[in-house]
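Report on the structure given below.
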Amino acid sequence: ERPGGARGSAATSPPPAELISSDDIFIAVKTTKKFHKSRLELLLDTWISRNKQQTYIFTDGEDEELKQKMGSHVINTNCSAAHSRQALSCKMAVEYDKFIESSKKWFCHVDDDNYVNVKTLVQLLSLYPHTQDMYIGKPSLDRPIEATERLGDNKMRPVNFWFATGGAGFCVSRGLALKMSPWASGGHFMNTAEKIRLPDDCTVGYIIESVLGVPLTRSNLFHSHLENLQQVSTSEVHKQITLSYGMFENKRNIINMKGAFSVEEDPSRFKSVHCLLYPDTPWCPPQVAF
């Protein structure tokens, strides 16, 4: 069983390579101003409420109310609010720079439709030394992506590599992040993204797999709305690292759990997940057997 697999109780899981705490992790949440109310508020009420010190919100517009809640942990990237390749890469570039500045051991990127179980995230990351080259996440494609790298002088060359989908969340060790610097720091990230004309998460995979030759370590404990979330078994929900919600093949795509709230009250199921993990939360109904 390799690290990050779904099975394996505490008794069988490998010993930690390094004892880390949530304070060693820089969790970057990418959002946009139009989703502050509809998406971000849910995260602030659930998992972020327990991990304010570890979480940094990267957005594209001023929001006083958000600033009051998160203080200096809200970063207005001044990137465009368009959902374009350039706007996404602009945000990822700022996330990378802020992480390097923070001197934390692990960089983890998630989207504003992810629930993060920080406890299981710490367990996974502690299996690897942060000084080693680690890129951990889950691909959304079943094969490497094929891209064309622009070499200047109108020359092109095909490249193919795996990348962890940003919508499920992914993590990069500090050791590896430092090696990415010539392609990722400052304005370099946007230039790299333009060279292959692919979005931000693909660009991260390109730098790590294609340029630096470090393979993606896959974990099935990360989940995006690009997969069928009904397949996450109810009894395994507490073991997952990230969850998501959205639409899949034109149907509502949410994890299947009874939980503390009805689907009407809790369409994302994140409140129910939160009450499963933290039943002592003031707004959680008294524990009923699910």
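Each residue, glycine too, has its Cβ placed from N, Cα and C.
Unlike curated records, TrEMBL annotations are generated automatically.
What TrEMBL lists as active site is Asp201. Summarising the annotation, TrEMBL assigns substrate binding site to Arg39, Asp112. Per TrEMBL, Mn(2+) binding site is recorded for Asp113, His225. What TrEMBL lists as domain 'Fringe-like glycosyltransferase' is 20-269.
His225 (Mn(2+) binding site) has Asp112 as its nearest neighbour among the recorded positions Arg39, Asp112, Asp201, going by CA to CA distance. Across the structure, Asp113 (Mn(2+) binding site) and Asp201 (active site) are spaced 16 Å apart at their Cα atoms. Reported as a whole number, the C-alpha separation between the residue listed as 'active site' and Asp112 (substrate binding site) equals 15 Å.
Taking Cβ-Cβ distances under 8 Å and a sequence separation of 6 or more, the neighbours of Arg39 (substrate binding site) in its chain are Thr31, Asp112, Asp113. Fewest other C-beta atoms within 10 angstroms, among the recorded positions Asp112, Asp113, Asp201, are seen around Asp112.
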